[in-house]
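Trainee: Take this structure first; my questions come after.
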């Protein structure tokens, strides 16, 4: 019986585990894994193809080749299972044990593991406190190392050459011991007392002051503590036994023609065994030391190559001069085990084919070719055939299917019914790249796809292919149906907009049908209902665009909500509309008013329409509505018959004159340049400006001419109406093309760029209708070619960014409903340059309020803290003019391993509060990565056209209200009575009658204020003006000018104006000054009062000093009298170097990698008063004195622009030296909220420029992951080391434990890690190793004996479990709860049994309660 049961033992449930630990294996551990020692380098006998005994494929060690058959054939078949054959020594068992049984090689001499030696920082070096070079010299037998100095003056671990060694031996005899090779290193490692070392290091860390030492000790301490904690002995880094991989994992495959294909590992193992055997023999023969040493070195090298080929010295090569693939190469990189096999598996039950359009499908359907369906659903069909009794065996069923008998097709129809399939289009950039559909069987070989889902898949029908996958199990089908069905995914997860928006033909049809024309056929008629309109239209009595009056029945929501009352009631009203709109009103879902259709439907409008439908009528009605819109759009587009011809491209009549005028202006500039009035650069900039303006003007003229057409109205008068020109309609509706493209067809092509990004100053004045000449065509080719090259580069870069983002966020999942925090971030409307870039409603929609939202007028609470702000809420808030709302964000969430639903808010792809289990991290990464390919790659050179457009010279109010200045605004009144601004960061606000901020404008230094604080103004009033071309240097005090260090030819040069003959002094660039002395001085002005004394800053002993920057034109003379507010010098903005602005993808990557910009601006470290100390060579010294009187110094390069002045009070984190901000400084000085605002706004700027909408919360989620580690400042009583970086949740858990035990918790600083760094420093070594730098990650983890708790998604995919997100999260929770209850039940039963029957150590107890 037992033997019978043994048969069923085969199918074991794989073991359930919750964590994976990695460590170093001790020699004994390796021997315990092994099934025998591999003694010979032979593989198989090439005549018999049987493995050699004791060789690399030995059947005795690794198991039989055929199932249940020993090698010599004495025992065959199942009945001998488990017998060990006495002839060949092979155990009779399954052949697949050859995949899991390991062997070993006993090394004749120990060998260092190359990973722990060469993977930087060298772990061996850290433990031994020796340099890598020294250890290498010892290991590779170039030097001796002292192991035990005995009574000699030598030091332990001292390195000596062979010569030294022999001299010392002569001197001291065998007083001391020195060794070579791995034996020596092993001895040293064994002699280390880790506990003792850790103690001394900790005390030294406390006592030392030097930065470098602290760093060095902390590193070493970390490694030693890791050994101490993990219980791994350091000498295990030296191998005495080498494990041998099971043979099936390094197969030897016979090719035809008697040759073999072999895995490189076999070669590497053969070398090790050969050298090892040779060394054994040499040792037995007592060969000379030098020969043995050489052999040992070769063995070390052979093992190095096996473990990580090419890590040290030249890589071992095979017969074909190709480096052999070692164990390390097997797991790392794109083709390694992690990314190729564990994260990138192939899928069974799948097919792929070309897609074609399926306009007759419903949104949730796809057309599946019959042949493909037959193949995909084969197993189901077999089953049905057997159940129905058509076929008795699988073989018969197979035959039926192959012959494609009629019964098979009937069964296929039945099997496929309500069995969804998943369609995927590569590249899958976001979750809408895979959606489920119900298959509809079709003839032909192409898959039919519904047109509305194309936007989500980013698919078109120019030959795209898609893959089909079949969910097999019932659970999989259910999830596909409820979560992935196309009709359940109608919103983009990136921004919550509808994804099923019509495009192209559909838009054109709807637009054409909803346009109105003057004096169309049947204008002015009235109809009693829509059916009458349709009849009139079908009888050609009216045209689609004619204006008519129609009685329209709308279904409106019933006010009466009592039981049994209908949800919608009809309401009839008369509308002035057009025939087309009236006909379309038929398909409106109940609950939407006709007014949403009563306008020309352009693409944006249709999107808004579908969005409104979704919010008001729910998912189901929206899907039906979208489908009907599509059907109508296609039908109407066909009826419209819109086509284009050359005559539709109307070239504007004014083009000739506009271009002629421009050419004249350019000639004039050339003349000025020839006579030396303007520089070459200025001429070029001006020419480029003229042509870009001309191009605009021609384009504008063209659009004006194209967009309207003359028409005779009903009264017989001529009037103009919006044009029915085909090209104009296509662009206007958003169906195809844009104003820019039309400009190229009918305006002028304009300026072209060279491949390096600079603009060619000769424009293409022709357009495509007129045709290009050869030169113009040639210039055009530049752009086209660069476009293609850019696209390829962009795709790769964008993919890499997405990969890094996914990796850093993959373990962020919503794990609870509410973390209960009251923290949040104050959200305001985003205003730039006085314009609202993003309204408050868009920023808070779908968020949870962190504190009560209060009506500013009545002070009543509108929405309590914890309320989800939906569309109605944000409309209320906007209507009441509330301009700041505190909302919960992912950054302030206090959930430890994950996020809570309240802090995240609405799930944008579903339109309701996010569910527990949603993998919000991955969604965020996809939302940011997916539009990456739309971003530009280039860095913009600001200069010429681009900067000209951006120069403003005044600022005016856009709304009525009161002017308010911010605290940092300072100004002086000059002799003319004008107010001149002298603050660098002043801003003017405009507030409305209740004091709410409506606009905010930056007022630059040197501007003249036209309105003062508190002034009531009307919209359009100018607030301030300034000179856009120069930046002034202004004095705040009056007096007599006294120059210092202003020497002609040294620090300044005289420039004489060619035209006017006037001379000015210009400050020379530091780098161009001749003498060393001149480089360190700074030209400046002091002021003298009437008595000739220096004017002091009021309230201080400091004299007023006003420095001149490089390039400043000094406008005052030495000894001149100046008044307050007078200009001393001007800096032409042209002479400021054109800063390259990194835009597009590189900018996004730069922000997420948290790179510090070069020439970053400097922020004030403390709050205090500014003063200037003694200048050093080339640097000026800025001192901030804080409130306690401590001084903080900054050294600033002289050419930098200082934004503060003597005596100014600055706040901590305020910018004091101009330059791009450094995110690390923002975090350190202004905190997490300011950092998050900075990163979110900067990333959004890049995407907004390309017109891409991404919700802020996705960026916040990534910032949260970048902040997930903290740096320990004071370790208290915790197990951390000061300066160590640890996971935030780990730190908080540890601190909670300390507080519970009444010990001192640790203090810490927040640190910002770039996404790559953050991915690599994650606590999960499996996830980090599969991302980048596999060797380093695994080495580190092995030494620390790290344990991976499998919290993230990636680790679980790799080990092949359900991921802890979505339904998987619930599954794991339930499984853990069951294990817990099982354990408790087991304990309880055990306790009861002990109580009743007694245990060996104690007799049973008497029942305490008396029997009842």
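Just so you know, glycine gets a Cβ as well, placed from its N, Cα and C.
Positions annotated as Zn(2+) 1 binding site by Swiss-Prot, on the basis of sequence analysis: 70, 72, 85, 88. The annotation Mg(2+) binding site is assigned in Swiss-Prot to 460, 462, 464. Annotation source Swiss-Prot lists Zn(2+) 2 binding site at 819, 893, 900, 903. The region 'Disordered' annotation in Swiss-Prot covers 1393-1412.
Are these features on the surface or tucked inside, and what touches them?
Mentor: Residues near residue 85 (Zn(2+) 1 binding site) in space but far in sequence (CB under 8 A, at least 6 apart, same chain), listed by position: 70, 71, 72, 74, 75, 91, 92. DSSP assigns residue 85 (Zn(2+) 1 binding site) to coil in the three-state reduction, outside any helix or strand.
Cβ neighbour count for residue 462 (Mg(2+) binding site) (all protein chains, 10 Å cutoff from its Cβ): 5.
Neighbour density for residue 893 (Zn(2+) 2 binding site): within 10 A of its CB lie 24 other CB atoms from the protein chains shown.
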Trainee: Any idea which of the binding-site residues 72, 88, 900 has the thinnest Cβ neighbourhood at 10 Å?
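Mentor: Fewest other Cβ atoms within 10 Å, among the binding-site residues 72, 88, 900, is found for 72.
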Trainee: Identify, among the binding-site residues 460, 464, the residue whose Cβ has the fewest other Cβ atoms within 10 Å in this structure.
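Mentor: Per-residue Cβ counts within 10 Å for the binding-site residues 460, 464 bottom out at 460.
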Trainee: For the binding-site residues listed here (70, 819, 903), tell me which residue's CB has the most neighbouring CB atoms inside 10 Å.
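Mentor: Highest number of other Cβ atoms within 10 Å: 903.
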Trainee: Express the distance between the Cα positions of residue 900 (Zn(2+) 2 binding site) and residue 88 (Zn(2+) 1 binding site) as a whole number of Å.
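Mentor: About 63 Å separates the two Cα atoms.
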Trainee: Could you check what DSSP calls residue 900 (Zn(2+) 2 binding site) once collapsed to helix, strand or coil?
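Mentor: DSSP assigns residue 900 (Zn(2+) 2 binding site) to strand.
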Trainee: Taking the center of the Cβ atoms of 70, 72, 85, 88 at the recorded Zn(2+) 1 site, which other residues in this chain have a Cβ no more than 8 Å from that point?
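Mentor: Those within range, site residues removed, are 71, 73, 74, 75, 86, 87, 89, 90.
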Trainee: Given the Mg(2+) site residues 460, 462, 464, which other residues of that chain have a Cβ within 8 Å of the mean position of their Cβ atoms, reported in sequence order?
Mentor: 355, 459, 461, 463
Trainee: Where the distance is taken from Cα to Cα, which of the binding-site residues 88, 819, 893, 903 turns out closest to residue 462 (Mg(2+) binding site)?
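Mentor: Nearest in space to residue 462 (Mg(2+) binding site), counting only the binding-site residues, is 903.
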Trainee: Would you kindly give the Cα-Cα distance separating residue 460 (Mg(2+) binding site) and residue 819 (Zn(2+) 2 binding site), rounded to the nearest Å?
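Mentor: On Cα coordinates alone, these residues lie 44 Å apart.
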Trainee: Report the residues of the chain - excluding 819, 893, 900, 903 - with C-beta within 8 Å of the mean position of the site's C-beta atoms, for the recorded Zn(2+) 2 site, in sequence order.
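Mentor: Same chain, not in 819, 893, 900, 903, Cβ within 8 Å: 816, 818, 821, 888, 890, 892, 894, 895, 899, 901, 902, 904.
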Trainee: Sort the binding-site residues 88, 893, 903 by C-alpha distance from residue 460 (Mg(2+) binding site) and give me just the closest.
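Mentor: Its closest listed neighbour, by Cα, is 903.
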